[in-house]
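Report on the following structure.
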Amino acid sequence: MHHTSHTGPEVFNERTEPVFDAGREPSPDQVPSIGRRNSFAESQFSMGRSIQRVRSTRNIGSMLQDFAEEEPTPVEIRRRKRPGLAQRVLEYIFPPGSMLSSAFTLGSSTLGGGILGLPFAFNMTGYILSIILLVVVSILTVFSLWLLAHCSDNARKRTYEDTMKVLMGRGPDWLVSIFMCGFCIGGGVGYIISIGNLLTPVFENEGVPHFLTTKPGNRLITSMVWLVLILPLCLPKQIDSLRHTSLLGCLCILFFVICIVIDASRYTYKDGFRKDLEMFGHGNTAIEGLGMVMFACLVQINAFEVYFEMSHPTPRRMMRDSAIAMGACGLLYVLAGFFGYMRFGKTVTASILLLYQPGESVLFAIAYVGIVFKICVAFALHQLPMRDGIYHLLGWDVYLMPWWQNAVFCTFLSFVLLLAGLFVPNINIVFGLVGSLCGGFIGYIFPSLMYMYSGNFSLKRKGYCLYFATYFLLVVGCIATVFGTGASIYGVAA
């Protein structure tokens, strides 16, 4: 078909090259319907649309150019300054959202006060049974995190509570918030108690003022540690802001475990193995140790924050990073629990920190300082999911509210936990009860149920391995919650 030629203006793009010439026949790329009867009219309509797009592009380009030519403010000038050498090195080795960043954040959220009570858990459960429990719980934790990543992708939500609400409706999301707050309150209280336990042997040396050796003096110094170290770490909105402190905290735990191994090896070389070590515990005390193991390995409270702050979040990457974190943490748990139990045997009835004298060893003096810092980081990592749970109940969004409002609320939460931690007598009561009850639901029962309700959960679609593994996680969570909570309550009453 031959078109009647006519004159018309040329349309230019931003590089001043002709896009469409109305004076010649359009190409098939420019007019797809050229073989139709009304092809000329359609070519004219296409030319008009091209003119509109070019004009729109020119307008947007001019607006952006005008915006770019504005005089930068002093704040923008400071933000554009080149970061220092140390910061550039850290960002290169440890970039935000990377594999190392996610693994260390996950590891730091589980490494904390829980490792201080593991020698006591080995004492109650027996060292062989405790190692078996640690291996099983670590594997189930990695699988649980993989399920949570899938559930988050299906629900398209970035918090535990919102994901539960989308998949299971209104009601269960409130249970998640309640259990999350309960677990984080217990963890925060336990960390405050741990700081007090750290200070107790330090102030038992000669030359220390008498007031600091009393309970009020211990509470005063603990409050000062909270004000200087803990509170600033609780104020950021995003968990990835704590990645560098998480790395340093994990290194402090590693150094502390090395000190435990060295001290236990020296004792065994000098005096031989203790005669009161048990391979398998029995009775109610063996079940009570399960709650402390579950508390030590529970990392699901920070799973959603870590997942959505990855550079490329996928369930496979979540499994990879969590396997790295739990593998390293599980090894440290086994070393700390076994060598601490081998060193003190049946005399371990509370936190292992109470059995060392940092004034008698330079290594333990350094380790105690590192443990204080690590506990402060773990406290902040426990407060973030509790904050999100309360925000969910109140209908607030942490990413939309002003920074000062979040800071004021987090300060209030942290202060309440400080007051509770100053007056709770025993750390094992907190870790055992909270780990069994809240940890069983958050770490095992809720992830398996959410995955079942996320759709297409059948033996045919999921396969035998994934199908039965999900049910196994649910059953283990129910058993651990019922028996672990019952044993912890019985232990408190006894």
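The backbone N, Cα and C atoms fix where each Cβ goes, and this holds for glycine too.
Source: prediction; values computed, not measured.
Annotated in TrEMBL:
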type	residues	note
COMPBIAS	12-27	compositional bias 'Basic and acidic residues'
DOMAIN	97-489	domain 'Amino acid transporter transmembrane'
REGION	1-37	region 'Disordered'
TRANSMEM	89-107	transmembrane segment
TRANSMEM	127-149	transmembrane segment
TRANSMEM	174-199	transmembrane segment
TRANSMEM	219-235	transmembrane segment
TRANSMEM	247-269	transmembrane segment
TRANSMEM	289-310	transmembrane segment
TRANSMEM	322-342	transmembrane segment
TRANSMEM	362-382	transmembrane segment
TRANSMEM	403-423	transmembrane segment
TRANSMEM	429-453	transmembrane segment
TRANSMEM	465-493	transmembrane segment
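Between the transmembrane segment (247-269) and the transmembrane segment (174-199), fewer than three CB pairs separated by 6 or more residues in sequence fall under 8 Å, so the two stretches do not touch.
Long-range contacts of the transmembrane segment (403-423) within its own chain (CB-CB distance under 8 A, at least 6 residues past either end) are made by residues 185, 188-193, 195-196, 219, 222-223, 226, 230-231, 234-235, 237, 379, 383, 386-387, 390. Between the transmembrane segment (174-199) and the transmembrane segment (289-310), the number of CB pairs under 8 angstroms, six or more residues apart, is three or more, so the stretches are in contact. Below 8 angstroms of C-beta separation, residues 140, 143-144, 147, 284-285, 287-288, 290-291, 294, 429, 432-433, 435-437, 440-441, 443-445, 447-449, 451-452, 457-459 of the same chain, each at least six residues beyond the ends of the transmembrane segment (465-493), sit close to that stretch. The transmembrane segment (322-342) shares the most Cβ pairs under 8 Å with 127-149, out of the stretches 127-149, 289-310, 362-382. Among the recorded stretches 127-149, 219-235, 362-382, the one sharing the largest number of Cβ pairs closer than 8 Å with the transmembrane segment (289-310) is 127-149.
Sequence-distant neighbours of the transmembrane segment (362-382) (same chain, 6+ residues past either end, Cβ-Cβ under 8 Å): 105, 108-109, 111-113, 116, 183-184, 187-188, 191-192, 194-195, 198, 202, 225, 229-230, 233-234, 239, 242, 245-246, 248-253, 255-256, 259, 262-263, 301-302, 353, 356, 414, 417.
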